Amino acid sequence: MARASSGLAYPERFYAAAAYVGFDGSPNSNDKDIGSRFSNDVALILYALYQQATVGPCNVPKPSLWNPVEQGKWKSWKQLGNMVSAEAMRLFVKILEEEEPGWYSRASNSVLEPVTDVQMNHNAIVEPIIENRISFAETKTISAENGGLIETQDIDVVSQGLGSVVVYDQWTSPPITGQRPKGRYEHAAAVIEDKMYIYGGNHNGRYLSDLHVLDLRSCTWSKVEATVESKLVETPSPVNITPSAGHSLIPWENKLLSIAGHTKDPSETFQVKAFDLQIGTWSMLNTYGKPPVSRGGQSVTLVGTTLVIFGGQDAKQTLLNDLHILDLETLTWDEIDAVGLPPSPRSGHAAAVHAERYLLIFGGGSHATCFNDLHVLDLQTMEWSRPTQQGEIPVPRAGHAGVTVGENWFIVGGGDNKSGASETVVLNMSTLAWSVVTSVEGRVPLASEGLSLVVGSLNGEDILISFGGYNGHYNSEVNVLKPSHKSTLQSKIMEGPVPDSVSAVHNATNPTRDLESEFEVGQEGKIRETAIDNFEPMVCGILRDNITILPSFETCCVSAVHNATNPTRDLESEFEVGQEGKIRETAIDNFEPMVFRMSYLIYDQFYFFHLKLEYTQKSKGGENCEHILAMLKAEKEELESSLNNEKLLSLQLKQELADAEARNTDLYKVLQSVRGQLASEQSRCFKLEVDVAELRQKLQTMETLQRELELLQRQKATSEQVAINAKQRQGSGGVWGWLAGSTPQNADDA
């Protein structure tokens, strides 16, 4: 038996904190003393929260610019806006506890509080403190048996770590001790034996290779000094293995397997690293076969003794949608060429396995957009399909994290490059129905990208644990959520008029299911699923007792067929039975013609069965019921087969239409890009044509000048020839004159 101080409730706890800080007019109320104990920013926010909690919103005039201290106080108070007093009190105490974790133990020396005898592992039910829609449990001081005070702890977490959290379906931030890891995202996490391991990640553009462990029972962080296994050195020395981000961490036997991931070396091959928890060493696993290309942002899912790797982004930033399987027993790779239409290339998606047979892929992103589609791969037939999602379908996101608890798949975080996804959603993998578990507000770690999510089991209950993420800054906070029981989640999912196509999808993913579902509508319109192990004894018993059940049976069948073929109906059809046992459809809205004809066809068939059975009962007095039952079952199976074929055809057409629309969108983007390129080339071509025209004009000018030059040269040559001829004639005349006895008049004539 331990002695525990019950602590102070609000607002007394706030006033105790204010008195400790010195904001209550006590002798300790000194601005200089407060400024020396806290930084300027913390002192201002504490002052503003105290004023908001005691006075209310700031309505005082703005101080003079000559008084910067008062102006800073006024500005801090004004920024709180219309924050309610209770929230200001909570934040005041929370900030004080972050700055001085032991303040309450020091302040409680002068405060007398009632002391009660409690068990150390007592799970007290308390009202959580809601802050930005994230639940934080109230902190209280626990005294040990020797009278010493343990560090201020969460009232929901006493000596049992995370196992004593009692608030369901709400995120809580428990107090964590030890050396907290550096803030990061795109890291990997795994749980082995009540310990959560965190490895690698990205911080400020740098890849990390550190390994940390959080003890889930004591809520204590510690760093693992890992070594690398070496064949050359007998005693391995503590060195870091290649830093990476965007990898996956899979627990296998007593090892942690780190799969793939981005590294600084673009030539790095696909890595499979193993950390031995017993000897604390990293080693590289030698695999056989053709490994996939190196990548990050992929999904790695453990199915039995194999790892299924899908998608991701390689070192050249090329998005992938290939599928590979690694057998962990033989360490052999196998590339799978699945049939059907696979998901588009993507990274940052989430994957889960259902019934050890169906691989589910949700969300992810490409270079231009994010997705919220759901794809299913049958691991036995290796065939892709894209089933119809039900319920509140999540918004498109990438960088989210997912974990399964039974048949429920929880998705947390992620974003679309604009804002983080604030909803924590859950998918029932049997019905493929989505629902929202809880939601947060503001830029909190739970609404960030690249966070990790694991599930731990403490005190016989499952607990979701998230860590890290990036939402403008790198987070290192730990948040936990205790999901409610499966029946509670089931009721949340199935509440309201859910289409019967959900059960059809469930049967498609559970082909060996022998149970049939009968949906009964209660007084409040909620649907309750009643499992009937064997349909035949019920019908036989009804026939033997000569009870006329066909009108209600017809109503049930026709209504079920109508609901199953109208998953998107706006107004459900209501069938009423008249006095003569005939069925009248009273309300049909937004009903497809094909399904409309099908419903009437099935109605006619069932009505025919009714007449035939009624006639048989009257004529033979209820005998031969086995033959009638066999005939009814055969007709029923034939109709169900036809209905299933029509459903499959409709789903195929819808899938082809969606794929065609996706291709059309992609082609339109390509067309726009080509148009832009053509416009650019046209502009360039026009400029070239202008340049060619100018060059032609210059060439013509040069040709004209050439012709003129040639003409001048010919004229020059002609002139020179004329001058030569003239000289020759002059020389010839002088000789004849000499012969005639005359002399030249002067030398110039010669």
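Quick reminder: no glycine exception, Cβ is built from N, Cα and C everywhere.
The range from 69-103, 419-453, 524-558, 629-663 that TrEMBL describes as coiled coil is residues 629-663.
Given the ranges 236-273, 312-349, 464-501, 692-729, the record in TrEMBL names 692-729 as coiled coil. Per DSSP, the secondary structure of the domain 'ACB' (10-105) breaks down as 61 helix, 0 strand, 35 coil. A mean pLDDT of 81 is what the model gives for the domain 'ACB' (10-105).
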